[in-house]
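Under the heading signal peptide, TrEMBL lists 1-22. The transmembrane segment feature in TrEMBL is assigned to 110-133, 145-167, 173-197, 227-249, 335-352, 359-386, 398-419, 453-471, 483-506.
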């Protein structure tokens, strides 16, 4: 009973923070003609409720794809339809075809915010709670609740979901998939991940670790026996799950091809995030390698779009290959979770058409290992929130950012004493250190060096946050601060990618895990 009481308090605190953030502004509030993500979600409700399914993804007189055209997979469309059905019962004006464009009112804002709360309560938060209770390392009664508190108070996700405006369903479904795999419910986990992928195509960031882990399990069981049976079951489960999601579109090849064109608009170029056609959106401020390099070299002016696609694919593939090979050859739950982080970060840094918010696809897997490497996980989650600063400032979310970020740091300091966990062993670099010549003298000062770098990083992020919010940029360099935020964050992420890959490749803890058989 005590552990559930602690968890109840944790959830209530997390919901209170979400409610407080939701009272503020949202993406594109009062900013015609495109408004923002809030209007995009409302518009999808309008389209899915009033038009037949065959028109949802096509440009027609009733569905102008240049105005927030639907560009997410079918489950997003079905979810929009359900929300629209409820909205129609409350106030038909909210989803009226054409006339509801740009609709803004306090009752409608309350409704939209409530739909996010419901998604959180039904999908994301239960997955976090059950995951924390399932951790082998959290044997103490209050350990699960402290781990859940840190995950549920991660400011990046709160600010985007309940501030900017976004649904946590794809990430929540992915968490359910991880939870299922941790209990060897491989088929249920496959279903959950297929649903996540059919809600947002960006879940492709997590697809290779799922594939490699399950394939590795099949290899371990033997492809002439149980492994082949499991592989067949997994293949069948994936096919049935996708068929169920795409059933309304499956009768027409042109329908399927149009949906795919909307999901993967490769002709837009390396930098254009697929959701954003708004002229006010500046895609060059994403904290990935291509946007950071563009400060020095205007890549889109010297490389054709097709070459950009090939280059980004090649670099992304090479960067995630080591972790995927290791996971396939030596499948383990611990390796799987670290591979989710590494592969998602590779996609964010090097792939095609990345948006600022895509860093959340890395952050949520990092939350899953916060109990194993609390110092590095906390550091990463702080940097990921900082990388969203230009977007948060545009949405007038400075105050929530300034409150939730230090609060999250304080909770992590109190829960895990992170500044005391900076040794090579705490950071799971002991095996790597043993492989280096002369490691003894250098690693004696390692904890002090790491703490110094952490404090320097926090100082730089704090100063740049204040400058971005309070100091007008030079007229000749209007994007100075957003570019500085992107470049500084990108440098952090590159170092984190190297770190996570070192932990994966020099992993010495799999021997303590249950063998896959």
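In case you wondered, yes, glycine gets a Cβ from its N, Cα and C as well.
Fair warning: this is a prediction, and the values are worked out from it, not measured in the lab.
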Cβ contacts under 8 Å made by the transmembrane segment (227-249) with residues that lie 6+ beyond its boundaries: 53, 73-75, 186-187, 190-191, 194-195, 198, 214-215, 217-221, 255-256, 259
Intrachain residues whose Cβ lies under 8 Å of the signal peptide (1-22), provided they are six or more past its termini: 113, 116-117, 120-121, 125, 129, 133, 141-142, 144-145, 148-149, 152-153, 158-159, 161-163, 397, 400, 404, 407
Long-range neighbours of the transmembrane segment (145-167), counting only residues six or more past its ends (CB under 8 A): 3, 6-7, 9-11, 13-14, 17-19, 21-22, 24-27, 36-38, 41, 79, 112-113, 115-117, 119-120, 125, 128-129, 132, 135, 138, 357, 359-360, 363-364, 367-368, 370-371, 378, 381, 384-385, 388, 391-392, 395, 397, 400-401, 404-405, 407-408, 411-412, 415-416
Spatial neighbours of the transmembrane segment (453-471) far in sequence, C-beta under 8 Å, 6+ residues away: 375, 379, 382-383, 386, 389-390, 393, 398, 401-402, 409, 419, 422, 481-482, 484-485, 488, 492
Positions on the same chain near the transmembrane segment (110-133), where near means CB under 8 A and six or more residues out: 3, 7, 11, 14-15, 18-19, 22, 38, 41-42, 83, 86-87, 90, 94, 144-145, 147-148, 151-152, 161-162, 165-169, 171-173, 175-176, 178-179, 182, 367-368
